[in-house]
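I have placed the structure first, in the form of structure tokens, so that the comments after it can refer back to it.
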Amino acid sequence: MRAKITSVIVNNFYVYIYDLKIETKAIPKGIFKHDSHELKPMVGDDIEVELVDGVYLIVKIYDRYNQLIRPKVANVDIVLVVASIVQPDLNTLTLNKYLAFYEARNVKNVAIGLSKYDLASDSLKQKVDQLILDYQRNNYKVFVLTNEHDISLLKKFIKKHTLCLAGNSGVGKSTLINKLDPSIKQRTQEISQFLNRGKHTTTSTKLISFANGFLVDTPGFGNLEVNLTKNEMANAFSDFANYARFCKFSNCLHIDEPHCAIKKAVNDDQIVNWRYDDYLKIMKKLPNDVLEIKTRNQNKK
């Protein structure tokens with residue numbers, strides 16, 4: 001039977017079995033391997049279970065299409081990065097760090113949720129509206145979380161998917177969760193009781209049934225530590241991808257290299273200046289890679 005691991009506490013695995021629509025305990029049957037390496041079951045894993053003598057056994061772990069470290073979870077379909085317009089003030093540098101980090105981790109859909117728009121001044125709203133247009137121009141989905149129409153669109157977007165909310169403390173993630181599914185608070189308490197969560201497990205990740213899919217519940221998960229290399233970051237800005245392939249060097253960092261297609265795109269107003277400026281600020285704080293300059297074959301003369 002197809003199932004998904006919803007929580008791991010010490011060596012106890014809790015799984016949701018789709019056909020039976022139940023959450024129950026399961027134990028691994030032996031050791032799993034992938035590419036000759038031991039594969040340990042983790043939250044978010046899609047698995048196969050069998051009932052043997054009244055005990056559910058995990059007999060197979062399906063291939064993961066992504067894996068996050070913080071929070072520790074696999075197979076996330078959507079990351080919604082929540083940022084507030086005010087209280088705290090919007091910081092595009094922080095927002096772009098989140099976007100790049102999760103795109104580098106192969107999350108297919110990384111979207112933006114803007115909270116507290118209704119508290120902004122008219123002049124600030126005008127700036128935010130332009131910001132939204134800039135992100136949308138680069139194919140990001142942006143939801144204004146105080147707009148009921150956008151909330152309706154967001155509900156459709158996340159339906160039947162595994163959703164992870166990211167963003168700093170105080171930006172309104174809890175408010176959004178309750179708006180998307182008012183019953184979530186009660187069910188979260190019920191699940192916590194079911195799992196016997198104590199103080200030593202308050203930072204463990206778990207999946208909660210949500211919007212016909214799952215919500216990644218990550219207590220204690222707040223600020224993001226960007227642990228990408230400069231090479232990884234150079235490939236993490238999705239709006240750079242269409243231009244980066246025309247850079248002279250295949251491992252171009254888009255900083256001061258000659259014949260950089262990204263810098264040309266910025267000068268031609270194909271990539272917005274403020275996003276490129278944030279990219280440069282992020283790159284300055286990352287450790288240097290040991291680089292071998294690689295020229296693209298098609299550009300060699």
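Glycine residues also receive a Cβ, built from the backbone N, Cα and C atoms like all the rest.
Feature annotations, courtesy of Swiss-Prot:
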- 65-224: domain 'CP-type G' (DOMAIN)
- SER115, LYS116, TYR117, ASP118, GLY167, ASN168, SER169, GLY170, VAL171, GLY172, LYS173, SER174, THR175: GTP binding site (BINDING)
- CYS247, CYS252, HIS254, CYS260: Zn(2+) binding site (BINDING)
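Sequence-distant neighbours of VAL171 (GTP binding site) (same chain, six or more apart, CB under 8 Å from its CB) are VAL82, ALA83, SER84, PRO88, SER115, listed in sequence order. In the three-state DSSP scheme, LYS173 (GTP binding site) falls into the helix class. Taking the binding-site residues LYS173, HIS254 in turn, the residue surrounded by the fewest other Cβ atoms inside 10 Å of its Cβ turns out to be LYS173. Surrounding the centroid of the Cβ atoms of CYS247, CYS252, HIS254, CYS260, where the record places Zn(2+), the chain contributes additional residues within 8 Å, namely ALA234, ALA244, LYS248, PHE249, LEU253, ILE255, GLU257, HIS259, ALA261, ILE262, LYS263. Confidence annotation: the domain 'CP-type G' (65-224) carries a mean pLDDT of 87 in the model. Every protein chain considered, the tally of other Cβ atoms within 10 Å of the Cβ of CYS252 (Zn(2+) binding site) stands at 24. With TYR117 (GTP binding site) as the anchor, the candidate binding-site residues are CYS247, CYS252, HIS254, CYS260, and the one with the nearest CA is HIS254. Least packed by the Cβ count within 10 Å, out of the binding-site residues CYS247, CYS260, is CYS260.
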